[in-house]
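Peer 1: Provided herewith is a single structure, encoded as structure tokens, for subsequent inquiry.
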Amino acid sequence: MSEIVPPEVRPKPAVPAKPSHVAPPSSAPFVPSPQGTGGEGQGSGRGSALLGYIGIDTIIEQMRKKTMKAGFDFNIMVVGQSGLGKSTLVNTLFKSQVSRRSTSWSRDEKIPKTVEIKSVSHVIEEGGVKMKLTVVDTPGFGDQINNDNCWEPISKHINEQYEKFLKEEVNIARKKRIPDTRVHCCLYFISPTGHSLRQLDIEFMKHLSRVVNIIPVIAKSDTLTPEEKTEFKQRVRKELEVCGIECYPQKEFDEDMEDKSDNDKIRETMPFAVVGSDKEYQVNGKRVLGRKTAWGVVEVENPNHCEFSLLRDFMIRSHLQDLKEVTHNIHYETYRAKRLNDNGGLHPISSSGHDTQESNL
């Protein structure tokens, strides 16, 4: 009889020890816990030191490079009566001839019976960043004896740009980058009467502040004394408040206390009392943009003379991206929701087809 050999006894694999504490699921991003700081489970959570450099902060540089390569669109509309220096101010803001210069009507010419919409686009490059700037002018606004509802063509144009963007969004063969012709900012020029807003001013801002970012400015403010300017600005702010008109930046869209603090200062400054000029003068050994008067040169960028630099810094240097975001996230989304609700939704549009539904806005 053969000898029975007992089966070989193999060592059992080690069973990992059950953790003494199981952390609940968290939506916080994973952060490695530091080594050598104590017992198990310590050093986890937000604010813990990283073991080494990861590189997540390079996302800012990545975004910057993509923006510089692609560029961006910025569309500004100027509205106001003829002769208030709309084109000059826009050209001064962007330091180039970007706006068509309005011409004064001669006796032989007829003033347009309705408001016209004319736009011109330019590509501006600064520091490697390209911006396609489109300036939308509205000749004929407020120039009639009867100006009833003269804001309607402007409102129609703004909504048409929302409609154009919406149709591109629902297109089956949607472009990788949808051309953006939506109006991001409307500069509304108030005549420097020194008295109060006209009914036309109130009606325009009341209707248009619902669909576009309005920034009111007092044109040719050098025609007012400092005292008249201060009183006029206070009166305009009071009238806007009484009429329930909220210009940009609207209080309800302040994201945090820092935003609120910064925007409150801007709201207290509005309307901006501005002067525009494309002419240079020698002042104290320096070349400055300004307007020559009997009392001297009004320097455009001197904050003691006017608020042009405040307007420029606000509109371009601190709030340009926010103007675009409020346009997309608030005004356009409001239009989009109403459009879809009123028409039972939009069906996708093929590259060869057309959506026959028209906007009721």
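The backbone N, Cα and C atoms fix where each Cβ goes, glycine too.
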Peer 1: Under Swiss-Prot, which of the candidate ranges 80-87, 224-231, 256-263 is annotated region 'G1 motif'?
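Peer 2: Going through 80-87, 224-231, 256-263 one by one, Swiss-Prot flags 80-87 as region 'G1 motif'.
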Peer 1: Looking at the candidate ranges 65-68, 137-140, 237-240, 277-280, report the one that Swiss-Prot labels region 'G3 motif'.
Peer 2: 137-140
Peer 1: Other Cβ atoms within 10 Å is the metric here; tell me which of the binding-site residues Lys86, Lys220 scores highest.
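Peer 2: Answer by Cβ density within 10 Å: Lys86.
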Peer 1: What's the number of neighbouring CB atoms sitting within 10 A of the CB on Gly80 (GTP binding site)?
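Peer 2: Its Cβ has 22 other Cβ atoms within 10 Å.
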Peer 1: Treating G and I as helix alongside H, and B as strand alongside E, what does DSSP give for the region 'G1 motif' (80-87) in helix, strand and coil?
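Peer 2: Across the region 'G1 motif' (80-87), the residues distribute as 2 helix, 0 strand, 6 coil.
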Peer 1: May I ask which residues of the same chain, at least 6 positions away in sequence, place their Cβ under 8 angstroms from the Cβ of Thr223 (GTP binding site)?
Peer 2: Pro192
Peer 1: Within 10 Å of the Cβ of Gly83 (GTP binding site), how many other Cβ atoms can be counted across all chains shown?
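Peer 2: Neighbour count, Cβ to Cβ under the 10 Å cut-off: 14.
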Peer 1: Let me make sure I understand the structure: which of the binding-site residues listed (Pro226, Gly276) has the fewest other Cβ atoms within 10 A of its Cβ?
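Peer 2: If we count Cβ atoms within 10 Å for the binding-site residues Pro226, Gly276, the smallest count is at Pro226.
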